[in-house]
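Taken from Swiss-Prot as is:
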| type | residues | note |
| --- | --- | --- |
| TOPO_DOM | 1-9 | topological domain 'Cytoplasmic' |
| TRANSMEM | 10-30 | transmembrane segment |
| TOPO_DOM | 31-575 | topological domain 'Lumenal' |
| DISULFID | CYS204-CYS266 | disulfide bond |
| DOMAIN | 206-493 | domain 'GT23' |
| DISULFID | CYS212-CYS230 | disulfide bond |
| DISULFID | CYS218-CYS222 | disulfide bond |
| MOD_RES | SER278 | phosphoserine |
| MOTIF | 299-305 | motif 'SH3-binding' |
| DISULFID | CYS465-CYS472 | disulfide bond |
| DOMAIN | 502-563 | domain 'SH3' |
Amino acid sequence: MRPWTGSWRWIMLILFAWGTLLFYIGGHLVRDNDHPDHSSRELSKILAKLERLKQQNEDLRRMAESLRIPEGPIDQAPASGRVRALEEQLLKAKEQIENYKKQTRNGLGKDHEILRRRIENGAKELWFFLQSELKKLKNLEGNVLQRHADEFLSDLGHHERSIMTDLYYLSQTDGAGDWREKEAKDLTELVQRRITYLQNPKDCSKAKKLVCNINKGCGYGCQLHHVVYCFMIAYGTQRTLILESQNWRYATGGWETVFRPVNETCTDRSGTSTGHWSGEVKDKNVQVVELPIVDSLHPRPPYLPLAVPEDLADRLVRVHGDPAVWWVSQFVKYLIRPQPWLEKEIEEATKKLGFNIPVIGVHVRRTDKVGTEAAFHPIEEYMVHVEEHFQLLARRMQVDKRRVYLATDDPSLLKEAKTKYPTYEFISDNSISWSAGLHNRYTENSLRGVILDIHFLSQADFLVCTFSSQVCRVAYEIMQTLHPDASANFHSLDDIYYFGGQNAHNQIAIYPHQPRTADEIPMEPGDIIGVAGNHWDGYSKGVNRKLGRTGLYPSYKVREKIETVKYPTYPEAEK
């Protein structure tokens, strides 16, 4: 008897068992027709699992064929190795099937999640609208009307918090919360593997590279976003990002003295040819491309925010309320991995400040932004939203203390906040506020301070700030990497979220609207609206691109238009 014969019989037995498992799964799929609601929810996931099983079955078939060597001398060792590999693959398949059988749900459908978020947004927009209108009424008549208006606002707030609490529990029911947790983790790990693969090519001397200089003339948050923009272009054009950060205005030793290097194996920018950015197609044969700041970028590639990868879009829409922010956050996550000394510094600051949850993060930007990019907002404006969210948190958790992490560049604000709100516990480091002043801003101590502020703001349960500040937006982005979906965990006193240099932010009308005042614009379902901002009173401002008219429209009558781009998928990262 030839030595391969026993192995071949064993292979046939494995394939038979594999076929039986496929038949078993198929049988479950057929039986699920008796429960159409459950089947429709599970169908796409089951089909995906079956497709993977079929692929593994095909792999087994090819491995079996490689063992069928009818002529020539036989080497028993490789055959035994292949058999062991088959055994391991079969065991893994059995584990996958057992896990699948135990899993009662795999999350809800995309439409369910979109509707849930629409209800949530609609309730919030209704609240903003009623608050605004009733506050106007308070000034029209005497004390009686004012008292009734106050009571009505209080009752209305109670209703709104009840709706939001119910929606939260809806999002966690029937295993949906567990599914969202796992799906977000899987997506994050997938993207981080792809980035790591791109940043560490096998042969650095032959790799295509994109060079980015960190020293854009602006503050830390702005410079970090500059590097994120470079990274997204590098990822889209399949070029390894080379970050030039020597003589960084915050740390002369460069980025790597604070954060882990963006590359482990490829830090050299040298190449056979070098050129300035002239477009993905024109730069095809240029090995090293230098990228300008986004303000000077021409031509503009499709990889800029707010676009997301086409291959991930459907999964992202299901799991996250703002896929564009999630996508940006993945590059931030990779970039700000701390060096050991910084990690230790964060741990020590956490203990020293007594940072604990629940806590709401408040970022108050004064100094250079006020009067230029942002208006002045008193602490009372922030605390209204802090109080509202603590009342909401109290519906679903024990709130032992009402803690607020206060980050500001105004050293006098901490004392003011403590005086005006004695029932709150304010966590803050005034030395950071002093270091954030204009005269101290570009120092290593200032860098330490802004990193700590952003860290603690991102760790909060909710964020109240002005999105005109890059520090606030960075904290919000990092927050997305700490939760499956933290897209709604903020209130901005001014702008909606944006990324400097982004492409147009568009929405799609889902309800018709007829203007009641000259300030409003008409809409029909399907109209594309270029959004300029949310007034947080039930109305947003934008342009109806079909009509070319700019004005106000009810925020609840539109939905976000998700822009997708055919990014590379880096299959090599999975090998």
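Backbone N, Cα and C define each Cβ position, glycine as well.
Swiss-Prot feature annotations superimposed on the structure.
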residue : record         : DSSP (3 states)
CYS204  : disulfide bond : coil
CYS212  : disulfide bond : strand
CYS218  : disulfide bond : coil
CYS230  : disulfide bond : helix
CYS266  : disulfide bond : coil
SER278  : phosphoserine  : coil
CYS465  : disulfide bond : strand
CYS472  : disulfide bond : helix
Quick one: of the recorded positions CYS204, CYS212, CYS218, CYS230, SER278, which has its CA closest to the CA of CYS472 (disulfide bond)?
CYS218
Of all the disulfide-bonded residues given, namely CYS218, CYS222, CYS230, CYS465, which is spatially nearest to CYS204 (disulfide bond) at the Cα level?
CYS230
If I take the alpha carbons of CYS212 (disulfide bond) and SER278 (phosphoserine), what is the distance between them in whole Å?
15
Taking DSSP states H, G and I as helix and E and B as strand, how many residues of the domain 'SH3' (502-563) are helix, strand and coil?
3 helix, 29 strand, 30 coil
Name the residues of the same chain, 6+ apart in sequence, whose Cβ is under 8 Å from the Cβ of CYS218 (disulfide bond)?
HIS226
Go through CYS204, CYS212, CYS222, CYS266, CYS472, our disulfide-bonded residues, and report the one whose Cβ sees the most other Cβ atoms within 10 Å.
CYS472
Number of Cβ atoms other than its own within 10 Å, given for CYS465 (disulfide bond):
26
Using DSSP, break the motif 'SH3-binding' (299-305) down into helix, strand and coil residues and give each count.
0 helix, 0 strand, 7 coil
If you measure CYS222 (disulfide bond) to CYS465 (disulfide bond) at Cα, how many Å is it?
16
Have a look around CYS230 (disulfide bond) and count the other CB atoms within 10 A of its CB, chains all included.
25
In whole Å, how far does the CA atom of CYS230 (disulfide bond) lie from that of SER278 (phosphoserine)?
14
Same chain, 6+ residues apart, C-beta under 8 Å of the C-beta of SER278 (phosphoserine), given in sequence order:
PRO299
Distance between CYS266 (disulfide bond) and CYS465 (disulfide bond) at the Cα atoms, whole Å?
39
